[in-house]
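Participant: Per TrEMBL, the feature transmembrane segment maps to A:31-50, A:70-94, A:106-124, A:144-165, A:213-233, A:245-268, A:289-310, A:330-349, A:356-375, A:395-419.
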């Protein structure tokens, strides 16, 4: 498949790449239907959020003990998924691994969408979102919450730049090729392409900027999820009070992000008919990558549960028993087995690394990753150090209310809408980079 | 046959129930213990110190003697130990019960020393209507007085505090009241610190003194709130006198929020965390703005391509 095309076919091939990749942007009826569906979901679930704004957080299942519920679990999940941008386009990109070229933009789109919505999820968790600025105005440098807001914003900014900068050559192509685009879109292409015409000096300059950001996003990406873990680990609570929470969260994030990326890859491959670009090779490597990150995560899980489980010190014992054999056992073991152990075993076999099986496995991995966050956040809050006594019945248990579930669905719909809109207006596969990688000359008219 | 079973069941039920109540009631005081006698006199001093010990150790459950305001517990509430029903027991019996405890009543064998236990019994006996002897002994031998006054005399140099308790006799003569216990209290953060000497009873002139501790901190000027009061309000009511005295060691208060610490306010954040945060933000955003600035160059580079 990687046979180099003959010299006389090169111009034609570049035309073909352009055509293949740009075609779905303007001729995809299903995509518009999908956007309408997402907007409807957002409208319905947005009403649930308005109810929450009007009546306060009392409409949620959160009470004095479980004050971090579904929303915070969901926030951690969103931050985790967004880390895929750093893993694929930066870490693997800096290592000059070439199979990631066709999927790097999808991973950046996922990163931008999920990190943007993760910030919104935090605001959705606030009873008084109008006071969010107080975190900056009165924020204490010692508080992980100030750090978290900072890194989420920073990561969003760098991810956006890492989405747009490598896309500048493609945007120049869009400007020239997409004649049917609306005037607003033409203006956007025109402004964002920054007059790029692929001169050697432009090319060199652009790639130097991208390289700088790729290096910069590595510490920021590590910081975003480490700081998120500190929101928990900086408290003296059973199950949170552990030193490996930072790397544990980062490893878990790579698993969740890789699974989300596989699902997006599969969706675009089928819907955008990109079989020639997002090939079985990419899926095969993603399957292998998933085994690698799952193994790291499994190793951290072993440390996270085996070490305190061996000692069973007071406080931890109740928490761990509830996780292992008690109320949370089903969720806990589902997330560990379906999201970690079984995928590792299956993905060792080549036939499971084919697009469809890998995508199906990824659904389980991603769902398990979500459940895992839920199991990290809520059980700890239900096991405080001081005994729960003389409280109303609904303080003792936690189950998300319909409003909470609707607002969570809203966050997912928002993230999917952002990805869809990005994929509707921007080419999901980098045209110029693919061409360059295959030795085809890139021509951008002035 | 069936009737016999029913009868047996009933019997067992009744027996088990009665057994339960018996268990809770039955102290099983050995007759040798009953014969024990209180070695202490029923004088004012002993009754008063017994009351103090009672208020600390017994009152939470038993309430005030004779008032029936005990705590209500299941299956059996504590007895009103000032009631005549209780006080028919010998001193030895009460002593045994204080020592051993039963059910919800804890043992005080190791908590209180013998003297304290007997003091409590002495105090309880003062409620015993059949015990005339103790009542007589418990009487305060002061003349009947009106307009009871408590005066304080404080010597700053020697940190000496003298309380003078006087009353006006019918003849219009002011006399000192003796044998009354006085409490010298100093206000601290969460209540009062008792600085009374042991046996802080007024002498024949109605005087009692104490020495203010040399190491007790006061405010910046060494001021402390001193409260002197009659320990037992049974004699002259709740008589007390409070005064600000400058006997404490002048101390500049230390607010833990004033130092740089993780728990401090934002202005008092540890330097290293401020440097890390602000430095990190400046470096990262500096690079971001640098890249943004570099983007402007791209259109310019297109112009001078050839």
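The backbone N, Cα and C atoms fix where each Cβ goes, glycine too.
Whatever TrEMBL says is automated annotation, not expert-curated.
Relative to the rest of the structure, where do these features sit?
Facilitator: Residues 49, 52, 71, 74-75, 78-79, 81-89, 100, 132, 148-149, 152-153, 155-156, 159-160, 162-163, 166, 224, 257, 260-261, 264-265, 268, 407, 410-411, 414-416, 418-419, 422-423, 426, 428-429 of the same chain, all 6+ positions outside the transmembrane segment (A:106-124), place their C-beta atoms under 8 angstroms from a C-beta of that stretch.
Sequence-distant neighbours of the transmembrane segment (A:144-165) (same chain, 6+ residues past either end, Cβ-Cβ under 8 Å): 79, 82, 85, 89-90, 105, 108-109, 111-112, 115-116, 118-119, 122, 135-136, 192, 206, 209-210, 213-214, 216-217, 220-221, 223-224, 227-228, 230-231, 234, 422.
Within its own chain, the transmembrane segment (A:289-310) has Cβ neighbours under 8 Å at 87, 242, 244, 247-248, 251-252, 254-255, 258-259, 262, 316, 320, 323-324, 336, 340-341, 343-344, 347-348, 358, 362, 365, counting only residues six or more beyond its boundaries.
Sequence-remote contacts of a segment are chain residues at least 6 beyond its ends whose Cβ falls under 8 Å from one of its Cβ atoms, and for the transmembrane segment (A:330-349) they are 255, 287-288, 290-291, 294-295, 297-298, 301, 323-324, 357-358, 361, 364-365, 367-369, 371-372, 374-375.
Tertiary proximity for the transmembrane segment (A:395-419) is limited to same-chain residues at least six positions away from its ends with a CB under 8 Å from its CB atoms, namely 35, 38-39, 41-42, 44-46, 48-49, 51-52, 59-66, 69-71, 74, 78, 109-110, 112-114, 116-117, 120-121, 124, 264, 378, 381-382, 388.
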Participant: Which sequence positions outside the transmembrane segment (A:356-375), separated from its termini by at least 6 residues, show Cβ-Cβ distances below 8 Å to it?
Facilitator: 70, 73-74, 76-77, 80-81, 252, 255-256, 258-260, 262-263, 265-266, 283, 286-287, 290, 294, 323, 328, 331-332, 334-336, 338-340, 342-343, 346-347
